[in-house]
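As recorded in TrEMBL:
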type: TRANSMEM; residues: B:20-38; note: transmembrane segment
type: TRANSMEM; residues: B:223-241; note: transmembrane segment
type: TRANSMEM; residues: B:248-269; note: transmembrane segment
type: TRANSMEM; residues: B:326-346; note: transmembrane segment
type: TRANSMEM; residues: B:352-374; note: transmembrane segment
type: TRANSMEM; residues: B:386-403; note: transmembrane segment
type: TRANSMEM; residues: B:409-426; note: transmembrane segment
type: TRANSMEM; residues: B:618-634; note: transmembrane segment
type: DOMAIN; residues: B:637-768; note: domain 'SSD'
type: TRANSMEM; residues: B:641-660; note: transmembrane segment
type: TRANSMEM; residues: B:666-688; note: transmembrane segment
type: TRANSMEM; residues: B:717-735; note: transmembrane segment
type: TRANSMEM; residues: B:747-769; note: transmembrane segment
Amino acid sequence: MVGKTLGFLAQVAPWAVVSGLAYAAAFVKPGVQPLPLPQPLIEPRDRFYDVARSGDGRFWFSGSHGVVLEGTPDSAQWHRFTLPEPVNLQGVAASDDGIIVTAGNEGWVFTGTGGEDWQAQHLPVSDVAGKLVDVIWLDGQFWVIGEMGAVFRSDDDGQNWVDLGMDEDISLNDLARSPDGTLWIAAEFGTLFRSKDGGATWTGTELGAESLRALAFHGDDGVIAANGGVVYRTADGGQSWRRVQTPSREHLYDVAWDGQRWVVTGNGGSLLASDDGAEWTSIAPDGLGSGYYTRLVTTGKGLVLAGQTIGEVVDGQWQPWPPAGARNGEDQP
Amino acid sequence: MISRVARSLSEFCIRHRKPVVALILLATAAMALTLTHIDVRTEFSDMVPSNHEFVDVHEAYKETFGGSNKVSILVQANTGTILTQPILQEVQRITRALAKVSGVNPFQVVSLASRKLKSVKASSMGIESVPLMWPDVPTTQAGIDELHDAIVNNPLVYGIYVDRNLQSTLIQMDFYDRLVDYNKIFPQVQAILDESPVKDQVSLHVVGEPILYGWVNHYLDETVMIALMSLGGMLLALFLLNRTWRGTLLPLVSGVVSCIWALGIGVLLGFNFDPLVIVVAFIITARCFSHAVQMITRFDDLCDGEQLAPERAAELTMKELFRPGLLGLVSDAGAILCVVLTPIPLLQKVSIIGAIWVMTIGFSAVILTPVLLSWVSTPLRVAHPLNLRFLLNAVLLVAVKVVETRVRYVVIPVVLVLMGLLVAEASRITIGDATPGSPILWEDASFNRDSALINSRYPGTEQMFVVLEGDEQDAMKRPDVLAWMQAFQRRMERMPQIGGSVSLADIVVDVRRNLYEGNPRYRELGATQIENGELISFYMQGAAPDDLAQFADPVFQNGSVVMYFRDHKGETLRQAIYQIRRFIKEHPLEGVNVRLAGGSLGIIAAVNDILLSDQIESIALALLVVIVSCLAVYRSSASGIFFIVPVLISNVVTFAYMAWQGIGMSISTLPVVALGIGLGVDYAFYIVDSIKETLEKEPTIDPMDAIRQALFSAGRGVLLTSVTLAAGVLLWSLSSLRFQAEMGTLIGLWLLVSAFTSLFVMPSLVRVLQPKFIFGDRTENADSADETERLAQSTH
């Protein structure tokens, strides 16, 4: 009986082997263990446009595709937030109480405190050009400016917004206040606006053909960063402006007083400094990217830059952010 | 039936030995004449599988979205940046010279010095699109500074064609696939690079499929030299072990005749011969040697042991070994012919030529060798005094002891346990390439070093593209389509193996930024299809009509996303394909059909996709051939399972070795494995058939004596050929081509495992299981240890 069974099995076995292999050939495919592809802290295609520092020392970067990045240079735990609308977030600002407001394309404004919950608002902007270019925290108020002369102000931490728009086809790029309380707006095609009534009415002045990108005051001294490596300086609180050509021909996007000198940044990794706004020299450290930088924030010990890459210039050294080994504390799909 | 044919054939051939030899030699001479037209070259189209969706996409769009034969040349400054006049002139010189290379598509030579790379400049006054450095190299420092600014501000150039440290630049060229001739491209490109007038200022590095196969052709002389050395090594081993001229020269004659016939038929069929598959030729020649050696060994036994005259011994040799010889050849030919079902032209050619080659052994070894042996004069004389046969006998004695003693009962469980462990290891084998560089060349080969260098500085040297097919013209200008491209690129670039990607969306956002005074805040898509169309029109101002060909067709109905990979490992490609499909599923796009995947990596992914199933299919069919052959000869399907054992063991051991050594299963290993099945089964045929032959011839003989005789006769031939051939193939490890070195090692391993399985496992199986197709109804008698000693002595 056993012999017969074994004999039968021997007869069948070769066909079984071939049949098994034929089945495998038909149905077995090379397997793949799918990688989760977790959201990295920074993607190669991320672009940042603005950075703000909140009172607790945290930095907030706003960028393309609705991304807000939050972290501190000495922390390995950073947070990447993807806001509900995947629009490019052009500006970000933090109030003294730690309220974060970021604004971007199509009139979108988001308000948060650093957690997952961001309150979205859609401001009434032009259907043709509705980009909100910048958010500024100024003396207890949030200001948002943008295309088509859009100006909005919030007196309650971004909950409600007052429309102070100019109703002009012009893109507004930056807003600042001079010591005498005058509000100034740098706008495209060389136009500089000023308002002595808190933004209710605006008066424009043509400084030249190149678009004005940013402005800042230190006492009565002020500097405007403009396209083509041009800056405008004033020593009388904005009564008069004088054109200065820096050694760079690149567009300059931001200017700040770091406590000792004026610093401007812009395209092509431009980073220039001047004690008086008249003579400029490059202070770009080795390793600073050749791409653009749209915002610089002074920290007391250095300069934080936001743009094609983000990082800090300390003691003439470029330290890219997030620091090596930093992880995304809020992994999102 | 087979016995009758064998008897008639052997009688006829020996009786008419002169005409038979003359006929074979005449045929050989005629075939030799055709070899003057032999065509040794690699053809890319031979490696492209048919009937695969990826290949369909590649074939449909390769002329526009990128072929599979791109060549990248890296010009690297030895010190400082490339932004010096001599280096820029060198880039220009190379670019211009490349346009004259055989088969090149002159519109697809892209570099800083070509008109393809443009600077889209904008100011408050307007927008203009001008070539970066065409037609002239800047002659002043101001011009070079301007070029610097244009490079760093162009995301389609900075990091893609010029590295971020400005220390190197890439020149890329593509070819018309139908005009590609690797034998011409490689030397022409090398000559252009060798003529560099600024060798002290730059280093030049070149990669790409045409260059890779150019290197393979470059090493053709070395490959032939190693093949000859290997052949010489085997002949020397045969001479030392056989101690006779006939034992040395007749296998050579048999191998040469087979080779000439097979190559001649290949030439007549219009086939080209890929230098990479020369190892396949080597395996078949090994088969030929093996059959010839079996003939000579049996002939010697009959002449020496049974004192037969050479003519009679030759006739008996042919008659006795006709059945296992034919069985082995049919199994070999059938196994390799199964590969013809693989839809890859290269493998189909290898399969057809391989099957023909194997069948020619029937004439060269099974007929010609015994016929030539019939002229041997007696008594048989040794050609040298050094007798190394004691080494063979020592091994054979151990084999006999295993069968004689109770060790035979341990053989099966030990083999099963070992197989279990090896199967576990073999299951880790990589489908596709297992190394980042080309597995054809060694890791430290200049091609692989150049490839690693370029991959470290640029997004990647190898490309895959997916195609978006719109249902109407201008579909590629739709904002949702362009946004899909962007999102897709973001997702795919999360894979560390993907260094970057480009699409029409990258062009659109860059133009829009420039249109807004270069303001990066406007580096985004247009809000409407019309706006995107206008942005594209801006880009095309002053551009050549095909400047956007890489990204979309002329009516913008179909577009592509091109991904740059840092390696082409099988796992990388499977992961990428999985992620692409996942993204497409999660992000459906209305009115657009997304198809994958073209480019060189699309083709490799297609090959990998079918490789495993084809490999298993080949094994299954090869085993089927073995079983059917056994059924026909032994009239027992149970015999099939018996002969499958050595095949499975050889397969498993080899696959486990490949997994252990990181040798991926590729288009090139497939025919080797199929042929290996023939190798695995041949030795078993000779030994088992010898046992059966003895039992049939001497019905009263003790089965153990039959096994013993088989081991000392056919077993000696098995051991002799396997050791000899394994010694020969070891020389392949000296090859500059890693693939050939690894395949040589694999074949050597396969030969030894097959031989040792036939010597140490099969006899034990025969004795323990006593299969009916060998033993009939007889039972085993007592052992006779004295017989072992006698047989061992008789073979000295």
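From the backbone N, Cα and C atoms, a Cβ is placed for every residue, glycine too.
No contact links the transmembrane segment (B:20-38) to the transmembrane segment (B:641-660), because fewer than 3 Cβ pairs that are 6 or more residues apart lie under 8 A. Of the Cβ pairs linking the transmembrane segment (B:326-346) with the transmembrane segment (B:618-634) and spaced 6 or more residues apart, 3 or more are under 8 Å, so the two regions touch. Residue counts for the domain 'SSD' (B:637-768) by DSSP state, with H, G and I taken as helix and E and B as strand, are 116 helix, 2 strand, 14 coil. For the transmembrane segment (B:409-426), the residues of the chain that approach it from at least six positions outside its boundaries are 402, 648-649, 652-653, 655-656, 658-660, 760-761, 764-765, 768, judged by C-beta separation under 8 angstroms.
Through the fold, the transmembrane segment (B:386-403) approaches residues 240-241, 243, 411, 704, 707-708, 711-712, 715-716, 719-720, 723, 759-760, 763-764, 766-767, 788, 792, 795-796 of its own chain, all at least 6 residues removed from its boundaries and within a Cβ separation under 8 Å. When each of B:223-241, B:248-269, B:618-634, B:641-660 is checked for Cβ pairs under 8 Å to the transmembrane segment (B:717-735), B:223-241 comes out on top. When pLDDT is averaged over the domain 'SSD' (B:637-768), the result is 83. Long-range contacts of the transmembrane segment (B:352-374) within the same chain: residues 9-10, 13-14, 17, 20-21, 24, 246, 250-251, 253-255, 257-259, 261-262, 265-266, 269, 271, 280-281, 284, 287-288, 291-292, 295-296, 299, 310-311, 313-315, 317-318, 321-322, 325-326, 329, 332-334, 336-337, 339-340, 671, 675, 678, each at least 6 residues beyond the stretch ends and with a Cβ under 8 Å from a Cβ of the stretch.
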